[in-house]
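Below: the structure, in structure tokens.
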Amino acid sequence: MKTAISPAQIQQIAEKHGTPCWAYDAQMIRRQIQQLKQFDVIRFAQKSCSNIHILRLMREQGVLVDSVSLGEVERALVAGYQPQEAAEHAPIVFTADLLDRAALKRVVELNIPVNCGSPQMLEQLGQAHPGHPVWIRINPGFGHGHSRKTNTGGEQSKHGIWFEELQQAYALIQQYGLQLIGLHMHIGSGVDYDHLQSVCDAMLEQVKLCPLDLQAISIGGGLSIPYQSDEPIVDTAHYFSIWQQAREKIEKHLGHRISMEIEPGRFLIAEAGILISELRAQKRVGSNFFAFVDAGFNDLVRPSMYGSYHKITAHLADGSLRAGPTRPTVVAGPLCESGDVFTQEEGGVVTHQDLPACEVGDYLVFHDAGAYGASMSSNYNSRPLIPEVLIDGQASALIRRRQTIQELIALEQ
Ligand code: LLP
């Protein structure tokens, strides 16, 4: 287990708040932040985990925030991020490929810099508020991701302004007197060093082609974490040094210093989060042995959506790890849908994890679930959103209570 959440705490959380339940380790989040402190700005991609208490923790550590919707802007404000006049190092940046009308109104009201992924965003902002601070999100023509669905560059990706269309974007910036802060590239989630070098090269090339001055670059997020034990751990010093070389060339070209932002989600929060579920049934289905837990893909969708792996551990009712010989176990949830299986590959092929012989009432804990866990949950099958708990050493705080079924139904009454 990577978090410092102890077996005793797992048991206490489950007893006090019921299952399924999310838990996060605050100390681990702080440690991850420290690893990226060399960057001028760490901007948390809050889509990975948007609980306001997590955002508050990030803010207290000097981490700024990226918002991708009106809801995420309001969350950042509640967490204490204050939009300010200076556009460089703005506490909140709004990143998207379009601006809906409500979001447009709010970012203009608050002067929140907008990272624009389409020319229409520039036009609409320019019409609403000449002089508005903007970033340009560039699609450099290639991407990379742990799944096709998390690759955010290249012709198949909807994200960013295509690198061959950038001169038109710069013309719009000039036409509307928008204030260009910087260039941004995020080519996908799941870093590898080959692609990293290509992004650095592409960024340098684009800076050279940009007719306007720049205060900053953002290198996006995408830093991976080892979900499987044989997956590499990102060497953040190496990662920084590769970007530092690119940055020096960029600064030489521009003739002044720039600020270098990194925009991670997963790296800061994934390993700090677990999902605690209870084993409620077990059965043999042909050659497969199934264990059923009370969490479903409405809670943790990554295995169903991307075939993602989350290590599962089994715990006795007192929280201690269950020992003994293991057997290949398919772990499934309660949803009325065949894809509600936590052990599967991309494309839906059912696999298994080796688990000890468990009993109903055991806790099955899903690891590395802090990123894109709670934030991607839904009410599918009319299941309420589940609680979130923040552990900080021995302290424990309920940071989201369980939604009630009444609340879920209320919107329709
Ligand atoms: N910046 C931008 C503009 C992004 O679109 C994203 C992620 C990030 C930063 C943060 O990426 P990260 O460091 O977390 O990899 N739901 C998928 C991941 C989707 C990522 C979408 N954009 C998953 O569960 O793996």
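Yeah, the Cβs are placed from backbone N, Cα and C, and that goes for glycine too.
TrEMBL lists 27-270 with the feature domain 'Orn/DAP/Arg decarboxylase 2 N-terminal'.
The N6-(pyridoxal phosphate)lysine feature in TrEMBL is assigned to LYS47. The Cβ of LYS47 (N6-(pyridoxal phosphate)lysine) has 18 neighbouring Cβ atoms from other residues within 10 Å, across all protein chains displayed.
For GLY265 (pyridoxal 5'-phosphate binding site), the number of other Cβ atoms no farther than 10 Å from its own Cβ, over all displayed protein chains, is 24. Per TrEMBL, pyridoxal 5'-phosphate binding site is recorded for GLY222, GLU263, PRO264, GLY265, ARG266, TYR372.
Long-range Cβ contacts of TYR372 (pyridoxal 5'-phosphate binding site) within its own chain (separation 6+, distance under 8 Å): LYS47, SER48, CYS49, GLY265, ARG266, ALA270, VAL301, ARG302. Among the features that TrEMBL reports, substrate binding site is placed at ARG266, ARG302, TYR306, GLU337, TYR372.
The active site, proton donor annotation in TrEMBL covers CYS336. Here the Cβ of CYS336 (active site, proton donor) has 8 other Cβ atoms within 10 Å, regardless of which shown protein chain they belong to.
Rounded to a whole number, the distance between the Cα atoms of CYS336 (active site, proton donor) and TYR306 (substrate binding site) is 19 Å. With the fewest other Cβ atoms inside 10 Å of its Cβ, the least crowded of the binding-site residues ARG266, ARG302 in this structure is ARG302. According to DSSP, GLY222 (pyridoxal 5'-phosphate binding site) is assigned to coil rather than to any helix or strand. Rounded to a whole number, the C-alpha distance linking CYS336 (active site, proton donor) with GLY222 (pyridoxal 5'-phosphate binding site) is 33 angstrom. Taking the mean position of the Cβ atoms of GLY222, GLU263, PRO264, GLY265, ARG266, TYR372 as the pyridoxal 5'-phosphate site, the remaining same-chain residues with a Cβ inside 8 Å of that point are ALA45, SER48, SER189, GLY221, LEU223, PHE267, LEU268, ALA371. Summed and averaged per residue, pLDDT over the domain 'Orn/DAP/Arg decarboxylase 2 N-terminal' (27-270) gives 94.
DSSP assigns LYS47 (N6-(pyridoxal phosphate)lysine) to a helix in the three-state reduction.
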